[in-house]
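Student: Attaching a single structure in structure tokens format; questions to follow.
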Amino acid sequence: MTVSYEKITPPTTGSTITFSDGKPLVPDDPIIPFIRGDGTGVDIWPATEKVIDAAIATAYGGQRKIHWFKVYAGDEACEIYGTYQYLPQDTLTAIKEYGIAIKGPLTTPIGGGIRSLNVALRQIFDLYACVRPCRYYAGTPSPHKTPEKLDVIVYRENTEDIYLGIEWKQGTEIADKLINYLNTELIPATPEHGKKQIPLDAGIGIKPISKTGSQRLVRRAIERALTLPKPKNQVTLVHKGNIMKYTEGAFRDWGYELAKSEFRDVCVTEMESWILSNKEKNPDLSIEDNARMVEPGYDALTDEKKAKICQEVTSVLDAIWETHGNGQWQDKIMVNDRIADSIFQQIQTRPDEYSILATMNLNGDYLSDAAAAIVGGLGMGPGANIGDTCAIFEATHGTAPKHAGLDRINPGSVILSGVMMLEYMGWQEAADLIKKGIAAAIANRQVTYDLARLMEPPVNPPLKCSEFADAIISHFGD
Ligand SMILES: NC(=O)C1=CN([C@@H]2O[C@H](COP(=O)(O)OP(=O)(O)OC[C@H]3O[C@@H](n4cnc5c(N)ncnc54)[C@H](OP(=O)(O)O)[C@@H]3O)[C@@H](O)[C@H]2O)C=CC1
Ligand SMILES: O=C(O)CCC(=O)C(=O)O
Ligand SMILES: [Mg+2]
């Protein structure tokens, strides 16, 4: 069926990317839609396009080429399509048709106004895995003493949690009705909630965390861990399950359940590894002594709780001693979990102990900015939103409006998102060239203002955004 557009025209040359089993099939001349973005998108996008095109031309000498298709979202879309037309149907049609897209940041007003276009795109195309690697390029200034020790990839669930955006404003009829229903019917009918009541002047937001959503994200995280060398072949489930038991706690439980069912042969949980290694060190260890070693404070527990832990030790040994015991577990993917607040200090105090951090939407949003800061700031934080039939690449940061139009912002994060896109397409040679160019530019102190001001001694004057792109390209032949 011919796809029709209202106000845009696809390139007259180039082919369409298709998907098979969740993987893209990429021709040598793919058409790829791009959204320039609001704010600093006006500076960053031209720099990014130039670097990606130059890398492809250098790597493949004309055998491969991206045919860019400009599509509109955000302020630019309103100029073309009319007031409030922030996300036109043309744009959605193009992304659906061509499968892979890349975008600059888009503005979201705080409080009232439109909901996030960025989040909307992820939900519309069911891009359930937001993948944000944070790795250090030598010479990048950092507020941290040993930034090179951090090499993590945040796998952030991208379609649910409070980002579903189902909330009601304080004082509205539905908010009042809902609070009344909760206070008079549902809370009293739930003994564990006791006499709790929701304040009558509250706004209400809903935080759905589903088993399907959690497990498909963790599945992608484990699949990625399987491609990593030891000791980075591990997945940490990050959650606040001590407080939000049926949402964040359930995410953890469903994550472990998936690891132990779909990936049983290749996975070991941290708890299992302790139980197995205790027995390896002392084959005559009793079940109870093993339980004592894996559960701090075991002796102070009630008999019922002690029995539960002993039962867990027994079932682990029965289930996987043959396949995972005698050190075999050391070659498996390690799956552990950490409480969300603790992981923010752990990535600073023990950065090299972590690799893939799989978590829900809000935690992942916070965590990816924090991890990017350690390795050089938001100018160095790329990202990808991946689904089974579509992928959209974009930076971790937003529109940075105070720098817009000044040709000064660091385009590194969108350029590195382009690197992720090239890798996803299987165009590794072009991706490697860009990584080499960025590494060399930074090592030569050719950097934009954000890195320049932190370097010792500071770089003055810093490169402009466009000059940084040229510096990256100039190092392709090094
Ligand atoms: N995916 C998306 O499109 C996203 C969109 N947003 C939206 O962007 C808008 C602005 O959000 P805001 O909270 O200001 O956060 P931003 O991430 O846009 O910017 C905050 C600060 O981070 C630094 N920064 C951001 N990008 C870069 C870069 N490329 N190079 C160097 N430094 C950078 C700048 O710090 P300094 O000035 O100190 O140098 C900037 O002032 C909001 O509407 C928000 O909703 C936010 C996040 C993601
Ligand atoms: O869409 C937005 O405005 C913010 C999104 C965001 O912070 C993110 O995706 O990291
Ligand atoms: Mg964010």
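Positions of Cβ are set from backbone N, Cα and C atoms, glycine also.
TrEMBL: automatically predicted annotations, no manual curation.
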Student: Using only what TrEMBL says about D-threo-isocitrate binding by SER116, ASN118, ARG122, ARG156, identify which of ARG132, ARG135 is listed for that site too.
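Tutor: It is ARG132, as the record lists it for that site.
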Student: Based on the record's binding annotation for NADP(+) (THR107, ASN410, TYR449, ARG453), what whole-number value in Å is the widest Cα to Cα distance?
Tutor: 26
Student: When the number of other CB atoms within 10 A of each residue's CB is tallied over all shown chains, which of the binding-site residues ARG132, ARG156 has the maximum?
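Tutor: Counting every other Cβ within 10 Å of each candidate, the maximum falls on ARG156.
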Student: How big is the Cα-to-Cα gap, in Å, between ASN410 (NADP(+) binding site) and ARG132 (D-threo-isocitrate binding site)?
Tutor: 17
Student: In sequence order, which residues at least six apart in the same chain have a CB under 8 Å from the CB of SER116 (D-threo-isocitrate binding site)?
Tutor: LEU106, THR108, TYR163, GLY165
Student: Of THR107, ASN118, ASP365, ASN410, TYR449, which binding-site residues come close to ligand 1, meaning Cβ under 6 Å from one of its atoms?
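Tutor: From THR107, ASN118, ASP365, ASN410, TYR449, counting a Cβ under 6 Å from ligand 1 as near, the near ones are THR107, ASN118, ASN410.
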